[in-house]
Amino acid sequence: MHYTNTFMFLLALSFAYFAKALSGSYMKSTITQLERRFDIPSYLIGVIDGSFEIGNLLVIAFVSYFGAKLHRPKIIAVGCVLMSIGTFIIALPHFIIGRYEFETSVRRDQNSSFNPAPCRVDSSVDRTQAGKVPHVPAAGCEGESNLFMWIYVLLGNVLRGIGETPVQPLGISYIDDFASEENAALYVGCVQTISVVGPVFGYLLGSLCAKIYVDIGFVKMETISITPADSRWVGAWWLGYLIAGVITLISAIPFWFLPRSLPVAGTRLSDKCTQEQTSFIKHSPSLKHKYPADEHTSFIEMAKDFIPTLKSLLTHPVYLIYLCVTVIQLNSLIGMVTYKPKYIEQHFRQSASKANFLMGVINIPAVALGMFSGGLLMKRLKLNIMGAARFAFSTSLIGYILSLFFFAMSCENAKVAGVTLPYDGLDEISYDQHSAVTSCYSGCFCSLSDWDPVCGENGITYVSPCLAGCTASSGSGKNTVFSNCSCVGVAGNFTASTGQCLHKDDCDNMFPYFLALSVITSFIISLGGTPGYMLLIRCIKPQLKSLALGFHALATRTLAGIPAPIYFGAIIDTTCLKWGQKRCGGLGACRIYNTTAYSHEKLEKSAKHHKSEVRLYSKA
């Protein structure tokens, strides 16, 4: 009976980990979709992503401490229900906000014979400078407050964070309390592995939804002139959240039927410590009595004991060093994981769908294999606390050295006239939209704030047909061809087609090496994940396990989970070369980045975090 209940709890906890990991990774796979749909910069996406950790921060210390003395499985069930509700709230804005509109000069109606001229000459309109249009807010701006619907996404993510709070500290401590010592590491490794398998399906779901147009079923797809590779494309981001919400709701069901506690395994005594653990565990005179999980105690008694218990935990040197290590490590990992699909999109010019697919089928399985292998090696090699610490140090050191090779893998910027390349006759490139005027389109009435790229026959991308000097167009939708483009400058053929030019030869050659190095580095770093986690559990008194795990989660979320996506996003925003324009004025989402600066800023920040982490492990 004991084995059956333990196994059932292990299955239920694994599925809960899978559900929360799936929805969390799906959130990260949709960051570019959310940026474009709500016209917001990367740092604000970082705030939304970090709001999950804010939800955790609000309740995790109390849930970890008081929850350990209550019915842990039922508290986990309540958390899963809250996660599900939060996920549904994230999808809510799609059903409230209007249809997605993007900048385009392309005729959408195939039945219409009217083709608007991209290069318009209108002397009746004042211009701020030659060839420039003063920005005038679009009609219907009073309804533009719909763009602030991203606040629902933020609030839903906060609720997800609150619901996720009891799953890790209460679930892991429940396993460690009632499983035999030799099986505990393997069980924890299995659960941690499942938590990494969840993102595989999360990113694959993100890849699928990114291919589907956001307003599928409400618009005729033949009238859409952009493709999933276009920086204006928005996929059906809301669909994945509905699916993830249902899965999370189902994961809550088994916990309602599990017992409050289980008989302690015969090979393990929870109130005793090994000789090695005794040298690590710091005894405190204030902790003369503790309340077992199945002992009914009053709330006042537990509250009085909270401060002395917390003080005892925070004065433990090994626990503090490990806490600092994981905070530094997670700053790097969270920033990298959050923006890695976007990095692949922008730097290697892949679609959002392909970037998410590669994350799901290549990178994440390597992490899962590494975490499972770490738990298996710890059991096979029978690593003690010191052995686990040395193992985690070695994997961190090797991972840091390998990460330095990413600096050698870079691509050239996309060739965009007036942004990354000068127009003919100009000696310098200008990143200022108000100074990119040249004679080839000076007679046109062009808006410099629009992003409607076309690919000239000369292989250079132009910001819009008007800024390419095109005076005529034919066809509709994706098949539109612009002609008489004076800026293209190819003798006898001055045409341009919709979308950016695809110059991926240098990136296509470098991309496989980037993926291979990414897989190897992820595998090696994740090898130390489970031994490091077991080090955290075994270096403290058994009665403090739930609180230690909860405070560890609290610290990492406060000092890594919340700030890392924000400052990584802010750094990425500094590399933007061309910002989109909101209909009612103001900057929207970035359309094109300086990929060289993007990669260096991101990798330098990650390498510094790895270096600090290795130093702290060596001190331990």
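Glycine is treated like the rest: Cβ placed from N, Cα and C.
Keep in mind it's a predicted model, so treat the numbers as computed, not measured.
According to TrEMBL, the protein carries these features:
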type: DOMAIN; residues: 9-620; note: domain 'Major facilitator superfamily (MFS) profile'
type: DOMAIN; residues: 434-489; note: domain 'Kazal-like'
type: SIGNAL; residues: 1-21; note: signal peptide
type: TRANSMEM; residues: 45-68; note: transmembrane segment
type: TRANSMEM; residues: 75-97; note: transmembrane segment
type: TRANSMEM; residues: 184-205; note: transmembrane segment
type: TRANSMEM; residues: 238-258; note: transmembrane segment
type: TRANSMEM; residues: 319-337; note: transmembrane segment
type: TRANSMEM; residues: 357-377; note: transmembrane segment
type: TRANSMEM; residues: 389-409; note: transmembrane segment
type: TRANSMEM; residues: 510-536; note: transmembrane segment
Contact set, same chain, for the transmembrane segment (184-205): CB under 8 Å, 6 or more residues outside the stretch: 10, 13-15, 17-26, 28-29, 171-172, 175-176, 240, 243-244, 341, 356-357, 359-361, 364-365, 367-368, 371-372, 374-376, 378-379, 526, 529-530, 533-534, 537
Secondary structure tally of the domain 'Kazal-like' (434-489) (DSSP, helix then strand then coil): 11 helix, 12 strand, 33 coil
Leading contact stretch, 45-68, 238-258, 319-337, 357-377 vs the transmembrane segment (510-536) - CB distance under 8 Å: 357-377
Beyond the flanks of the signal peptide (1-21) by at least 6 residues, Cβ under 8 Å: 73, 76, 80, 83, 164, 167, 171, 174-175, 178-179, 187, 190-192, 194-199, 201-202, 244, 247-248, 250-252, 254-255, 258-259, 262-263, 265
Intrachain neighbours beyond the transmembrane segment (45-68), with Cβ under 8 angstroms and 6 or more residues off its ends: 24, 27-28, 31, 34-35, 75, 86, 150, 153-155, 157-166, 169-170, 173, 293, 299, 302, 306, 309, 338, 545-547, 549-551, 553-554, 557-558, 561-570
